[in-house]
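Colleague: I'd like to ask you about the structure that follows.
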Amino acid sequence: MSEAEARPTNFIRQIIDEDLASGKHDHIQTRFPPEPNGYLHIGHAKSICLNFGIARDYQGQCNLRFDDTNPVKEDIEYVESIKRDVEWLGFSWSGDVRYSSDYFDQLHAYAVELIGKGLAYVDELTPEQIREYRGTLTAPGKNSPYRDRTVQENLALFEKMRNGGFAEGTACLRAKIDMASSFIVMRDPVLYRIKFADHHQTGNKWCIYPMYDFTHCISDALEGITHSLCTLEFQDNRRLYDWVLDNISIPCHPRQYEFSRLNLEYAIMSKRKLNQLVVENVVEGWDDPRMPTISGLRRRGYSASSIREFCVRIGVTKQDNNVEMAALESCIRDDLNENAPRAMAVLDPVKVVIENLPAGHEEFVAMPNHPNKPEMGSRQVAFSREVYIDRADFREEANKQYKRLVLGKEVRLRNAYVIKADRIEKDEQGTITTIYCSYDAETLSKDPADGRKVKGVIHWVSAAHAVPAEFRLYDRLFSVANPAAADDFLSTINPDSLKITQGFVEASLVQAEVEKAYQFEREGYFCADRVYSSAEHLVFNRTVGLRDTWVG
């Protein structure tokens, strides 16, 4: 299959194909325009993959433009995090990073042009009155008493706004369209508002800032964007997008196309609510591994390729739908099953003493780094008289369905020997502290010579060589599929979204690279935590289990 044949197809790509075939466009120019008021989440990844992917596949260009028109909510921290996320996902923007604030002078000039044409006016209604005058879906709005000011009055008042002559909230610039429009967005929308706040790019040069709907279309036009792609909630805004461009003297007129946003179950996609989780310390930060942010998913152990694959699988349509969390988890599970090296870790250890081995015994057994990829090589793992196994892998009594270690029965230690549990030792609380076993010396990576069948295989770590480690077992942050629908979304937090255990890993993991994925055999996929893990104190995050075991 050629690269072109392997491309995902969707209604947007079909439009682009038609535009190129008809000669409407001879090249493709897209953009990704996030507001730097928070970290990007998995929903933004869909837009990133769409916009940058189209530019890549059609040998076009994609700009990274920050929609930085609200200095009160924005921060350079978010700018830097967004750039990191886009690059980590595997994409490169065309030329320099762009900012809507780069165009503040042009935007101001276009606002003056609209005033000069009698298509914009300075309104002195309060924000509350503007909302009241706007009307509802079933009732038309009514005109502001300031709507019929002369062009000269409006030019003078807008200049007064520009010079700081009005207090915040006492004046704004509005488009003069139609207060009876069936589309509320067209009922004299606000174009400029006053904010006395330093801007992370322009400092204190401006005290008036353009609104999104005014800024977005003009920025697209100034950059020569051919296909302006946004999510469905901006569908009605397309009328204002076109109105602004139709009424100013700008040669380029991009077309806006809308696609469905990503709604992921057991997650929140609102940046306002995600910020609330951070501010109220429900999570440790924007990159908490339970967050649906790109940085959170990365820290948890998700690969960029798995997120890109997820975006391919869910596709691009005009129909809003909810995507199961299992679909995202399936992508990382498939990726890591194929590519993650194997290692052994015991998350809830109990000691096993092999009594028919001499004290101080040490040998090394060969273990493949991947059972299906010999090219990934193998490693030598220490085996000794004392090993740790997982507490869940032993029972004093069990039925035939239990294929692990049982008192008086045998099990195989993976890639090592068959052992038999002979006796146990407990503490005063009745907790098993030690399991005493014997081993069959003739069973190193082979069946017993007498033909007896040993069906169970468990993982282990040599006690003498084990490295202590902390394991952070992450699960879904919310206990219901649609937390946004709850009266108080915080009431749906999953109390078991993080469990921390102490155990051991094999010695090869002492130098584990941060965020490098491993399959801990029989446990799941893990990576060393970027924040907390060090050679002196290993901390591993569980990315996802070996299989989907969630019961909502």
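Quick reminder: no glycine exception, Cβ is built from N, Cα and C everywhere.
Keep in mind the model is a prediction, meaning the values are calculated, not measured.
Per Swiss-Prot, motif ''HIGH' region' is recorded for 34-44. For 35-37, 41-47, Thr231, 261-262, 269-271, the entry in Swiss-Prot reads ATP binding site. Taken from Swiss-Prot, the feature L-glutamine binding site applies to Asp67, Tyr212, supported by sequence analysis. Here Swiss-Prot flags 268-272 as motif ''KMSKS' region', drawing on sequence analysis.
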Colleague: Near the motif ''KMSKS' region' (268-272), which same-chain residues lie under 8 Å Cβ to Cβ, leaving out any that are not at least 6 residues past its ends?
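Modeller: Answer is 37-38, 41-43, 261-262, 292, 477-478, 483-484, 489.
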Colleague: What residues, ordered by sequence, lie under 8 A Cβ-to-Cβ from Thr231 (ATP binding site) and sit at least six positions away in the same chain?
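Modeller: Within the chain, Thr231 (ATP binding site) has Cβ neighbours under 8 Å at Ser47, Glu258, Phe259, Ser260, Arg261.
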Colleague: DSSP says what for the motif ''HIGH' region' (34-44): how many helix, strand, coil residues?
Modeller: 3 helix, 1 strand, 7 coil
Colleague: So, three-state DSSP: helix, strand or coil for Leu262 (ATP binding site)?
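Modeller: Its secondary structure by DSSP: coil.
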Colleague: If I take every residue in the motif ''HIGH' region' (34-44) and average their pLDDT values, what number comes out?
Modeller: 97
Colleague: From the DSSP assignment alone, can you count helix, strand and coil residues within the motif ''KMSKS' region' (268-272)?
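Modeller: Counts, helix then strand then coil: 2 helix, 0 strand, 3 coil.
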Colleague: Go through the binding-site residues Glu35, Ile42, His44, Leu262, Ser270 and tell me which ones have a CA within 10 A of the CA of Asp67 (L-glutamine binding site).
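Modeller: Near Asp67 (L-glutamine binding site) by Cα: Glu35.
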Colleague: Here the binding-site residues are Asn37, Ser270; which one has the lowest number of other Cβ atoms no more than 10 Å from its Cβ?
Modeller: Ser270
Colleague: Sort the binding-site residues Asn37, Ile42, His44, Leu262, Ser270 by C-alpha distance from Tyr212 (L-glutamine binding site) and give me just the closest.
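Modeller: Closest by Cα distance to Tyr212 (L-glutamine binding site) among the binding-site residues Asn37, Ile42, His44, Leu262, Ser270: Asn37.
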Colleague: For Asp67 (L-glutamine binding site), which DSSP three-state class applies?
Modeller: coil
Colleague: Can you tell me how many other Cβ atoms are located within 10 Å of the Cβ belonging to Lys46 (ATP binding site)?
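Modeller: So the number of other Cβ atoms within 10 Å of Lys46 (ATP binding site) is 24.
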Colleague: Going by DSSP, give the three-state secondary structure for Thr231 (ATP binding site).
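Modeller: Note: Thr231 (ATP binding site) is in a strand by DSSP.
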Colleague: What is the total of other Cβ atoms whose distance to the Cβ of Glu35 (ATP binding site) is within 10 Å?
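Modeller: A count of 17.
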